[in-house]
Amino acid sequence: VIDHPKYQGSKRIAIFLSMPDEIQTEEIIKDIFKQGKECFIPRYQPQSNHMDMLKLSSTEDISSLSLTSWNILQPSDDDSAREEALAGGGLDLIFMPGLGFDKKGNRLGRGKGYYDTYLERCMKHPSGKPYTIALAFREQICESVPVTENDVQVDEILYEDC
């Protein structure tokens with residue numbers, strides 16, 4: 001990931017804070033700050049499919065985040081001091097989680113459509129749609145995954161030995 005040309009060329013990067021069953025992103029987040037890039041993380045709104053990408057100020061900032069009922073760390077609902085990526089300069093790159101992927105770029109998420117809806121919003125931003133890279137385990141790569149017309153394909157899927 002660190003040597004990937006899209007990562008190297010990106011200044012504003014959104015990345016998920018990994019759950020135990022996902023590719024661990026902590027070292028990538030540390031490198032984002034080490035390289036002087038801007039880091040954004042998701043804040044999901046329960047009862048909807050709305051998600052924002054809010055700016056982290058440092059790796060230490062993660063310890064100030066709230067734990068949701070889904071056991072995900074994210075900025076609290078009343079945290080209005082953080083920049084939302086689309087309110088500013090948009091994003092260059094989004095690292096995406098998922099449960100399953102196929103080699104055509106289809107992604108099976110957790111069923112709420114948060115990333116698909118967010119990418120639709122990105123397409124309306126002056127900076128356009130960011131490049132998307134899904135981070136996966138080799139075991140998550142399938143022949144095909146179910147999709148609907150609202151699903152947005154990922155540009156690239158990175159997994160061990162890909």
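Each residue's number is its place along the chain shown, starting with 1.
The backbone N, Cα and C atoms fix where each Cβ goes, glycine too.
Per TrEMBL, the features are as follows:
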{"type": "BINDING", "residues": "LEU17, GLU22", "note": "substrate binding site"}
{"type": "BINDING", "residues": "ARG107, LEU108, GLY109, ARG110, GLY111, LYS112, GLY113, TYR114, TYR115", "note": "ATP binding site"}
Residues that sit under 8 angstroms from GLY109 (ATP binding site) by C-beta distance, when 6+ apart in the chain: PRO97, GLY98, LEU99, TYR115, ASP116
Residues flanking the ATP site, with Cβ no more than 8 Å from the Cβ centroid of ARG107, LEU108, GLY109, ARG110, GLY111, LYS112, GLY113, TYR114, TYR115 and excluding those residues themselves: GLY98, ASP116
Euclidean distance between Cα atoms of GLU22 (substrate binding site) and ARG107 (ATP binding site), Å: 14
Long-range Cβ environment of GLU22 (substrate binding site), under 8 Å and at least 6 residues apart: PHE16, PRO97, LEU135
Cα-to-Cα gap, GLY113 (ATP binding site) vs LEU17 (substrate binding site), nearest whole Å: 17
Euclidean distance between Cα atoms of GLY111 (ATP binding site) and LEU17 (substrate binding site), Å: 18
Cβ neighbours within the same chain of GLY111 (ATP binding site) - under 8 Å, at least six residues apart: none
All-chain count of other Cβ atoms within 10 Å of ARG107 (ATP binding site): 24
